[in-house]
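A.B. asks: This is the structure, below, for whatever I ask next.
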Amino acid sequence: MLKVEQIFENVKITELSYEGYGILKSQNKTILIKNVLPNEIADIKITKVTSKVAYAEVIKFHLKSKERTNLDYQDDAPLLIMPYQRQLEFKQGIISNLVKRNLNFKLDNFIVPSPLIIKYRNKIKFFVKVINNQINFGRYEKLTNKLILVSDFILATDGINHSIQIIKNIFNDWLSLFSFVEEITIRESNLNGAQILIIKSKKHLNLNKTKNLIFNNTKIEQIVCLSKNKVEIYNKFNSHANLLMNIENLKFEISWNSFFQINNSQIFNLYNLLIENLNLNQNQSLLDLYCGVGTISSFLALKTKKVIGLEIIPEAVQFAKNNAALNQINNLFFFAGDVEKTIKFVKNDVQTIVVDPPREGLSEQTTKSIIDFKPKQIGYISCNPHTFVRDAKILLNHNYRISFMQSVDMFPNTHHIELVAVFCQNEEKK
C-alpha cells in the first residue's frame, strides 16, 4: 500500500498525463508526479494518496531533460518548464488520441498557437493570508493548504502585476482593515488598461478611507467588495465603471462578473476559426446558445441574416443588447432564460446552432433539444475536451458527422485546451 512520505528512487519518466503530470505505475495504482518531463530520472516522494491515484513531488533529479526551460515550475502553469513548441505538440497529441480513441476521428489540423505565451491573462485571482503580521498574496499549492507566495504572475499582464504590488502595500499599511480579506481578483481592459478590483472578505469592509489610495495609485476604476452575500461597489468616477474590451474591430462592455475569454490575443482567432468553417450566408438564421455578453454572436451576425442569442443570466443579456447597439449591429436578438426551456420557443427556421458551453458541457436536455431542432450544422466551442467527446458521441449517434475539428491554445503554459468543431447532418439516403 502506498503511503505519504514514501520515497521511490531513480524513477524514469516515460509519459505525461493530460494535466502534465509524470506517470508512474506502482502497486496497481497510478502515481502522478509534478515538475517532471519525459526521459527525466528523479527520486520522488508521495505527498497524497487517494482511492484512485497518488501524487508525488521530486526530491532529487538524477537526469534532467535537455528540453527543460530555465523557468520555475508553477502549479497554475505546469508547462512553463517545457518549450512552447513542445507544449503545442503535447497538447496536439492529447487531443488527437482522445478523439481517435473515443470518436474514431483522425485530427489532421495542428493546434493554433497563441500570439502571446506569457503576460496574456486579463484576469487573475490571488488568495490572501496574514503571515507574521504581514498580508501576503499567493496561490495555494495543488492538493494542499500551503500558500505559495507570489510577487507577480508570469501569465498576467504587466498592468495587473503592477497593481498587485501597490494593493499589497496598501493592504499592509491598513492591516487591521484588510486582515479579513480572503482573496482578490483583478480584471483589465485591453482597450485602455482600466481595471476592476474584486475583494472577497470574511467581514464587511468599509473602504471610504482607503478607496482613493487604490484609485489614485493604480488604473483601478471600480472596487467590488464581497462579504457574507453582500455586494458593495465603489466607483472612481460617478458613472458606473464597467470594462470596455476589444476584439478585432468590435468593442464589448462587461461588468465585474461577466464571462469573457482571458487571452485577448487569441479570442478572434478562436471565433474566426469556427466562423470560417461553418457554411454561413446572408440568408441564414442562427441560434447562439450560452451567448453571454454577445461576443461570438456579434461576429456571427456579420455573416448571417439573423442571430438569436440565449443566455440564462439576465444581466449578461442586457450587456449583449447594449453591445449590439455599441457596435451598430441590428440583426442580433437576445433572450434571457434557461437554454433548455427558451430554445423551445425559437422558430425552427434556424439552420445553424452554435454552442460555447461551460466546462460541464451540454446538459442532457439541451443536447436533446438541439437534436430535436434538427439544425443542418452545429458549431461547438469547447473548453473541456472530455465533455466535448461525451456530447459529440451523442450527436454522432443522431445523424451528424464531424466536418471540421481543430484545437486552439488559449492558455499557454497550462494544460487547458480549447477545441472548435463543426457537425453537419448526414444526407438522407434516398
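Cβ from N, Cα, C; glycine included.
Small disclaimer: the values here were computed from a predicted structure and weren't measured.
Copying in the features that TrEMBL gives for the protein in this structure:
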type: ACT_SITE; residues: Cys383; note: active site, nucleophile
type: BINDING; residues: Gln261, Tyr290, Glu311, Asp356; note: S-adenosyl-L-methionine binding site
type: DOMAIN; residues: 1-60; note: domain 'TRAM'
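Looking at the shown structure, what environment does each listed feature sit in?
C.D. replies: Taking Cβ-Cβ distances under 8 Å and a sequence separation of 6 or more, the neighbours of Cys383 (active site, nucleophile) in its chain are Pro358, Arg359, Met410, His416, Glu418. For the recorded site, Cys383 (active site, nucleophile), the DSSP three-state label reads coil.
For Asp356 (S-adenosyl-L-methionine binding site), applying a Cβ distance below 8 Å and a minimum sequence separation of six or more within one chain yields Asp288, Leu289, Tyr290, Gly292, Ile296, Tyr380, Ile381.
Here the domain 'TRAM' (1-60) has a mean pLDDT of 95 out of 100.
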A.B. asks: Looking only at the domain 'TRAM' (1-60), what are its DSSP counts of helix, strand and coil residues?
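C.D. replies: Per-class counts: 0 helix, 34 strand, 26 coil.
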A.B. asks: What are the other residues, in sequence order, whose C-beta lies within 8 angstroms of the center of the C-beta atoms of Gln261, Tyr290, Glu311, Asp356 at the S-adenosyl-L-methionine site?
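C.D. replies: Nearby residues not in the site list: Phe259, Asp288, Cys291, Gly292, Thr295, Ile296, Pro357, Ile381.
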A.B. asks: Relative to the Cβ position of Glu311 (S-adenosyl-L-methionine binding site), how many further Cβ atoms are located within 10 Å?
C.D. replies: 27
